[in-house]
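Pulled from Swiss-Prot:
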type    : residues                       : note
BINDING : 37, 38, 39, 40, 41, 42, 43, 44 : ATP binding site
DOMAIN  : 4-235                          : domain 'ABC transporter'
């Protein structure tokens, strides 16, 4: 186990393209930190720099008490798990799991013991003699995890390990990976573009956008207090509603002169962006917001009402036992649930 520290780490490619702006953060010993963001945001580049697969242009990277900028990947005592499993098809499960230890010169008895221990954790004992082609996608991913576990690394690096699995298996493996990481207590960095994975698995989340860190925080901090409109719209399903508004004398209004309840923008006059999550508002004849419902989406446990507030797209999440119809209605908003952002840069006010 080890603490990971990045100090002003930057990545610039030879053509001058900046993949990652100078970035600094610390992952405490034993924590699972998730790097999340859209394609091209720099999350995989950052992970590859920690792994030693990408050269660091500027800055300093430490794993434990060692600065590892110039240390080869094989000597960093890390273990990676990829989305494509990277298993040898001609080897058995046991041989795949123990291959790295064999290359280190460990004796057969010790390798066998470590493989058996990892197989116990991952429920793979009955599959140790099988080839990868005889396994399901979830079982192959467990083998890849077992291969990482037997190395007893200071740091696990997960690069979108669940992307090739179907939705049901992703949910199952998400729980298994989190439980396993907690059991082992090994520091972990986990890359994903899926905000659900980030929210459900992380001790802390690092949200990246266009090579820049937008926000670092716990899942609750990210969700309850997004630092920007990007974070607000990217984290959460369905995403936060963002409306153009106007602030004057502390009050906030939308188009048509609609006042936004529970919103105060003291010290800020002019254009503003108003954020309200779909689950923080509900149909109420005595409500303050006029809402025109165009489409109702049935999701089983809840309904999503899609329409417009002040001529702008807006969605509302309601429980399945609440009736809803298309057309005009009023909405109430949960006190303290209105988020205000700068209209130009999108930063939280």
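Note: Cβ is positioned from N, Cα and C throughout, glycine not excepted.
Since the structure is predicted, the reported quantities are computational estimates derived from the model, not experimental observations.
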- Message: With every protein chain in view, what's the tally of Cβ atoms within 10 Å of the Cβ of residue 42 (ATP binding site), excluding that atom itself?
- Response: 22
- Here the 10 Å Cβ neighbour count for residue 37 (ATP binding site) comes out at 27
- Message: Can you tell me how many other Cβ atoms are located within 10 Å of the Cβ belonging to residue 40 (ATP binding site)?
- Response: 13
- Message: I need the least crowded one of these binding-site residues (39, 43), counting other C-beta atoms within 10 angstroms of each C-beta.
- Response: 39
- Note on the structure: Same-chain residues at least 6 apart in sequence with Cβ under 8 Å of the Cβ of residue 41 (ATP binding site), in sequence order, are 208, 209, 210, 211
- Task: Using a 10 angstroms cut-off on Cβ to Cβ distances, just flag whichever of 38, 44 is the loneliest among these binding-site residues.
- Result: 38
- Query: Looking only at DSSP and grouping its letters into three states, which state does residue 44 (ATP binding site) belong to?
  - Reply: helix
